[in-house]
Amino acid sequence: MTGTSCGRMEEKGGGAAGLGFLGLDRMRLLLPLPLPEKLLARTRTARSHLYSHYFGSLKLRVCWPYILAVWLVLGLALSSTILLSMSNQAVVKRQEALASMCDERARMLQDQFNVSMNHLQALAILVSTFHHSKNPSAIDQTTFAKYAERTAFERPLTSGVAYAVKVTHAEREQFERQQGWSIKKMYSSKKKSSPGPGDAASSEIREPAEEYAPVIFAQDAYKHVVSFDMLSGYEDRENILRARASGKGVLTAPFKLLNNRLGVISTYTVYKYELPPNARPQERIQAAIGYLGGIFDIEALVDKLLHQLAGKQSIMVNVYDTTNDSPISMYGSNDTGDVMYHVSTLNFGDPSRKHEMQCRFMQRPPWPWLAITTSFGCLVIALLTGYIFYATVKRIAKVEDDYQAMTELKKRAEAADVAKSQFLATVSHEIRTPMNGVLGMLQMLMDTDLDTTQQDYVRTAQASGKALVSLINEVLDQAKIESGKLELEAVPFDLRTVCDDILSLFCGKVQEKGLELAVYVSDQVPETLIGDPGRIRQIITNLVGNSIKFTEKGHIYLTVHLVEEVTKCLEVETRTQCTNTLSGYPVMNRRRSWEHFRLFNRELHASEMSFAPVASDSISLIISVEDTGVGIPFEAQSRVFTPFMQVGPSIARIHGGTGIGLSISKCLVGLMKGEIGFASKPNVGSTFTFTAVLTRARSSGSENKSSDFKDINALVVDHRPVRAKVTKYHLQRLGVRTELTADLDQYISKVNCGSQIAKLVLIDKDTWIKESQSMPRLVEELRNKDQPDSPKLFLLENPTSSIKSSSHISKAHNLNVIMKPLRASMLQVSLRRALGGLDKVHCKNGVVGNLTLGSLLHKKKIIVVDDNIVNLKVAAGALKKYGAEVTCADSGKKAITLLKPPHSFDACFMDIQMPEMDGFQATKRIRVMERDLNERIERGEVPPECSNIQRWRTPILAMTADVIQATHEECLKSEMDGYVSKPFEGEQLYREVARFFQNHDPVE
């Protein structure tokens, strides 16, 4: 009992490990006996996993408050830094704005002062010219005063002007007699402290001096200074001495003017002749003859300036004379205003005096709201980020648990996907293997002598088996599409032959339902293309099969064109009246089925179309299938391409089907870089159109045109142009020159006139019935012509026509009957039989037997390898039916023994899935033996059996019911030469065998 209990616990250890270490501890307490060593190891593993998993989260939970606190401190520091930085930037911008405005005012004040100074210089030149240069003088006090008053507008900043003449002591007496007054002192000895000159009547006479500068002219406002000696005043004397020594205008210190406002006097020296710029001071003193003074009202000057800038009065302006240590305020108030100020230097032209302008904002700076809001926003962001971090930390544990759960689910999903693929491969092989035996045996049974009832039973069973295989293929295709593992082949093929094969596939169905089925491929489509013919056949088969399924009367018409033809409207039916059709029933306008394609977007220029030009190897095909069926209801058209969806609940019950054919077709079209669309109307029909991008293969001319019909011309009599064009298409494929006519009377007239009569005349049954009066006469005219070889007449029989009436017509007029749908191979047989070039024994229902495949396999020695006895019989029977000599092997080892070179076999059909040694391993072993033989041949060690062989290689074709793409790739890796899926199909078998037996021997 103890050993049994321990064994059971050991088996369930894997499940117990997922309970966690707490659960295991409880289990250990409950068990009286010690746990097995394996279970204890699993327990320790689970504990370490859980500990490492939750310890990381616990460590993060412990540390997160400190991390959050540090983050908040950093956020607060960052906000403070932003606030200080942006505040400083605002202060700097305010300082720059103040400096700009202050410099602007200083420059304007300086410019206006210089303008007034220039006018004073001009007045000095005037005095020099009209007073000193004229004798007698042209200027007196009255003239000077009037002139000064009238030109005062040119000197708006000067409140008055005066002119003093230079007089020496020797000239004083004569000067006083001429002027009529005595030279007086500027300041009386009793009023030395007075700010200005006193009254001339009460002023003292100037004591003798070496030189005098009495005022002789003055503006009326200052005419009281006439006769005052300017050299007698201290400031004035200094100004005059500096002015005449430098030759420039000089300024006095600020003083009170008569209007009780501060001002300065600017003094200019008048010279008797023009001096050079580099004249010495002594030369200037000797040449001086007078002095012109202008009084400037500084306060008025600045007020005018600020008045001009009335819109910019946001700052206070102060003007100072800073020549001395104690600056003298020339303009401005004592209100300090804003603590921020800017100093601009003023240059009034006197280098000995210094002036400056100080500017302040009238209002204190506003609060830096931008800095405040920005820093506050950053702080809010930091707080939000901290909150997000807090919430994230709170959810980390849950996220980790979810991650572990999702990882486990992911592993399960991947395992399920692998299992699904393996399941599909296994199911495919296990179902198709017995179906291969069923269908093969049914085909072999068909070749025996059976009565009509037995043949019907066998055909029914065979059709059911093929339907089951088709259903399996559709389900596998859908699975491969969903997993993204569906790949396309790129092999040369003939699209016209593919279309003919599709018509042959549905020939019986359309004849049973009385429908007309036709195909037309434009002559612009190349003979050979490179692509995946199987997938193109699958798409067209789905579309044509659906059309036949839902059509009870009328026709199904398959057309193939180049996209360039559609865009250029070259021979493409884009008719607006859709009654000129194959059967006469109205159909949907096929243009509506592709109007939403990106390829035909009207906004794209023709040179920008996605299809390749004609000279390129890549071409785009547009393939349409139109029918006259019941149509698709408008409410169901949106789900046409949805997998496993039917138009209505009764569709599957009435017509059958799984509803995945169109979905698969759409995916296949997408893999071919194309688009698919449709146009449908209830009770009118449907038209499905898709495009596909293929590659043009290099082919030599028209390979399908038979030389048997060279120089043969034919006449097609049909009153429907579309149907006549289809017949002409098939005849031209055989190399027959074809003429179309719908007017019998006109053609009969040509026959009577002796025109050349066609060798073949094909008359449609519907046209015969419509022209029943004229047809017998046409036949009689054609046969009454005196010709050694009369024309062969054919009646094209529609499935909708009555068989009895057709038999009556053909017997009455000795016509050859050709049953539609038309195919090139069937038409070729019918024409040869009528012309006497084919034995009727080998023809049945207008179809050539398996002569082509039989000619390839006749007398060929083939070995078939398969572990399944039924499949071995089926494969051997199928190959023997075509004349091959078959040898059977039931294992890979036996095949290696039989295929050890040199041998006499021409090819090998090898099953893949076999016990002991599968087909891949057997093929690799065979290839190794062949390489060894080829090396011996190259060294000259040639066995007698290989004297005429340069290289030995036996074609090996894989033979399996597994149709997964990976199996196909593995076949190529194993150096197999082909792939044949079970059950055998004659077409596929011929396509693979023809690659080796048609143009060369199987063993090189």
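Cβ from N, Cα, C; glycine included.
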Query = Which of these ranges is annotated region 'Disordered' in TrEMBL: 186-205, 786-805?
reply = 186-205
Inquiry  = Return the residues near ASP764 (4-aspartylphosphate) by Cβ distance under 8 Å, restricted to its own chain and a separation of at least 6 in sequence.
reply    = VAL716, VAL717, ASP718, HIS719, ARG720, ARG723, ALA724, THR727, LEU796, ASN798
Remark   = Same-chain residues at least 6 beyond the ends of the transmembrane segment (367-390) with a Cβ under 8 Å from one of its Cβ atoms are 64, 67-68, 71-72, 74-76, 78-80, 82-83, 85-87, 89-90
Distal contacts, the transmembrane segment (64-84) - CB-CB under 8 A, six or more residues away = 368, 371-372, 374-376, 378-379, 381-383, 385-386, 389-390, 393
Inquiry  = Long-range neighbours only, meaning 6 or more apart in sequence with Cβ under 8 Å: which ones does ASP911 (4-aspartylphosphate) have?
reply    = VAL865, ASP866, ASP867, ASN868, ASN871, GLY919, MET959, THR960
